[in-house]
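S.K.: Pulled these from TrEMBL:
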- 1-19: compositional bias 'Basic and acidic residues' (COMPBIAS)
- 57-84: compositional bias 'Basic residues' (COMPBIAS)
- 573-584: compositional bias 'Basic and acidic residues' (COMPBIAS)
- 591-600: compositional bias 'Basic residues' (COMPBIAS)
- 441-519: domain 'BING4 C-terminal' (DOMAIN)
- 1-104: region 'Disordered' (REGION)
- 539-611: region 'Disordered' (REGION)
- 356-390: repeat 'WD' (REPEAT)
Amino acid sequence: MERAPKPGRDVPPKKDKLQAKRKKPRRYWEEETAPTTARASPGPPRNKKRNQELRPQRPKTAHILKKSRISKKPQVPKKLRKRKNPEPQRSLSGAQDPFPGPAPVPVEVVQKFCRIDKSKKLPHSKSKTRNRLEVAEAEEKETSVKAARSELLLAEEPGFLEGEDGEDTAKILQADIVEAVDIASAAKHFDLNLRQFGPYRLNYSRTGRHLAFGGRRGHVAALDWVTKRLMCEINVMETVRDIRFLHSEALLAVAQNRWLHIYDNQGIELHCIRRCDRVTRLEFLPFHFLLATASETGFLTYLDVSVGKIVAALNARAGRLDVMTWNPYNAVIHLGHSNGTVSLWSPAMKEPLAKILCHRGGVRAVAVDSTGTYMATSGLDHQLKIFDLRGTFQPLSARTLPQGAGHLAFSQRGLLVAGMGDVVNIWAGQGQTGPPSLEQPYLTHRLSGPVHGLQFCPFEDVLGVGHSGGITSMLVPGAAEPNFDGLESNPYRSRKQRQEWEVKALLEKVPAELICLDPRALAEVDVISLEQEKKERIERLGYDPEAKTPFQPKPKQKGRSSTASLVKRKRKVMDEDHRDKVRQSLEQQQHKQKKAKPSRARPSALDRFVH
């Protein structure tokens, strides 16, 4: 009988798959590599010397390592893992990158975005706390470098109006500016003739795209002022004293004659808040979702619009409140009073944080710039003053006006506008670095009626003025910030993007209890409170749990634990601790002396007699 052939004996071997495949063509950027495996080159090697050259040779200096019992992978010495001179990356054409690595960033640009003050150090910090601080500093440094790199993407630059040889820019009319600019910018200058329901108060949304205005005789309207598309228009049949957008353009707060009302962008009344009655002024804090109201009865009320509850109702004890603004830097409310003072308020305190005596008469208007550094006030004494809010609260400049300014407003780039009767004066300064100069006005414009409300439009060189004749939109070159953050205030966002931003803003809402004069103090450690708590804990327990235990030498054998040797070892440790304390005190004294001494470029021979 014929037997079936056993596998592996008489059956012809299958062709190797690698032989069946075609050889991959070599590209011009690839280097020639000789085959190292037996499959790649079938058949016996013809030249033994050539085959030996292709084999990987062991380095002579490498040590012979034993196989690990735990892992079967061969151990490689650390010296062989690291390459001293890594090969530069090549492109497809084979050329080397002439500028390898990330581009360098100037130190000055990085410091502009740095927020952590490294000069202040936490006293007696534990190792765990110190490690956390180091991680936070590293993350902040990386973030500042990324921000400095992305500054190149801010392509827009702020423009400014400059006159020719000896030309006064205050004499340039709005008609001349409209003729000189492009068509899209010229369309932003318009007048709304609404004499029947004036005078008007107005407010722009945070994105700068929507405008809401309310007339004294009950006319309320909201529109997309860029496309001139009307969102809603109603008549509340009641006196309207102020109007404000809430966190988005979908909600609108109107201070009517008796109570506070909330409307949506279709003009439908959503809420009537009767606890806020006789409201004269409104301000909205976007990062805290707080609506601040000032009333005739002298109460400052904070309403949390996210939950619909009143957070605080503070009695200012200064009579009627009709002058109010807020500081964008620390969310502190500034109230102007009839006795010439301006008081600063926070919902966490029942008393004012500070009081500033500004004028001899009553305060008519208050405004704070976007950086929270300067405050402008005007009073019945026809004085316009600019104060420094960085802890000194001292006036930096003052100017006497022929007619007292009833309304003030700052732009994003630091321009100051004042409404005096039917005239609007604008003063410019050194951008965001310094206060505006009150010597010569930058622009001047005369309206058809007395001014009743002022506000610069965010991210647009536009000033909105509400007066007895309606609404006027003025062109003010160099007033706004040209680059906007698309994730924070995007004028071109869709409805879906607005909803997502609203959810994110609600999750990141800042509690009202954190409003204070210096927001940077929230990240600092209250050393006095910590020391007081430590003292109370020691008194309660009867001992200090964090105190360092005294040194106790370990007993040794073979007669080395005698009393004399133990005392000797204890004294040695005590002497080392004493030396460390003396060394630290000497270093601190030397550091203070170096700071106190004036730095001289060249040492003198008489310096040896100073000590």
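Glycine residues also receive a Cβ, built from the backbone N, Cα and C atoms like all the rest.
Curation plays no part in TrEMBL annotations; they are all automatic predictions.
Keep in mind it's a predicted model, so treat the numbers as computed, not measured.
How buried are the listed features, and what sits near them?
M.R.: DSSP states for the compositional bias 'Basic and acidic residues' (573-584), grouped as helix (H, G, I), strand (E, B) and coil, give 12 helix, 0 strand, 0 coil.
Predicted-model confidence for the domain 'BING4 C-terminal' (441-519) is 92, expressed as mean pLDDT.
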S.K.: Counting by DSSP secondary structure, give me helix, strand and coil numbers for the repeat 'WD' (356-390).
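M.R.: Computed counts for the repeat 'WD' (356-390) are 0 helix, 20 strand, 15 coil.
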S.K.: Could you give me three numbers for the domain 'BING4 C-terminal' (441-519), the DSSP helix, strand and coil residue counts?
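M.R.: Computed counts for the domain 'BING4 C-terminal' (441-519) are 17 helix, 22 strand, 40 coil.
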